């Protein structure tokens, strides 16, 4: 019995515009700009591709695509905007660990609003290794209902780890829900926060 092997449906739908090869098989040389536009590259002879696409893409699109690639692939671990922190809630304690190494205690504001803790950090423009930078972030976490809000504390370790903690009360006792600011104290030793 003969079985006909057909191309996948998405290849047939694009017809001649879909390339039949994978990046011209130049695996060790990286991508050319025309490899990112396969529907155009398959209709143009390889002899003309390099100069044609180089002319078109030298108009600024290449720089934009390169910038977008670097933004998508840069690490964001130290940025609180992209680092939600670690939250631990066990039987007798609630703790939040947040990496804020670019901020001093004066740059941080920690508030408790009903059942939420809000952590806001902002520093004005300052110089670093690459030029001038200003940073700002805002994080909001829900507090468990049995956290004693009158005993909440917040500290910033020498390595820039903010630790917000509060004990949990036994069920049936008042947890003291109200709005108040929590001062951020500085510790001289590095944090004992869990690593990722």
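Every residue gets a Cβ built from N, Cα and C, even glycine.
As the structure is a computational prediction, the values presented were derived from the model and not from experiment.
Averaged over the region 'Required for complex formation with BFSP1 and BFSP2' (1-63), the predicted model reaches a pLDDT of 53. Residues or ranges marked as region 'Required for complex formation with BFSP1 and BFSP2' by Swiss-Prot on the basis of similarity to another entry: 1-63.
Taken from Swiss-Prot, the feature phosphoserine covers 45 (among others).
Taken from Swiss-Prot, the feature domain 'sHSP' covers 76-185.
Cβ contacts within 10 Å of residue 124 (deamidated asparagine), excluding its own Cβ and spanning all protein chains shown: 9. What Swiss-Prot records for 124 (among others) is deamidated asparagine.
Neighbour count (other Cβ atoms within 10 Å of the Cβ, all protein chains): 11 for residue 145 (phosphoserine). The phosphoserine annotation in Swiss-Prot covers 145 (among others).
Secondary structure at residue 146 (deamidated asparagine), taken from DSSP and collapsed to helix, strand or coil, is coil. If you look up Swiss-Prot, you'll see 146 (among others) marked as deamidated asparagine, on the strength of similarity to another entry.
Per Swiss-Prot, region 'Disordered' is recorded for 168-196.
Of all the Cβ atoms in the protein chains shown, 17 others lie within 10 Å of the Cβ of residue 146 (deamidated asparagine).
The DSSP breakdown of the domain 'sHSP' (76-185), given as helix, strand and coil counts, is 6 helix, 60 strand, 44 coil.
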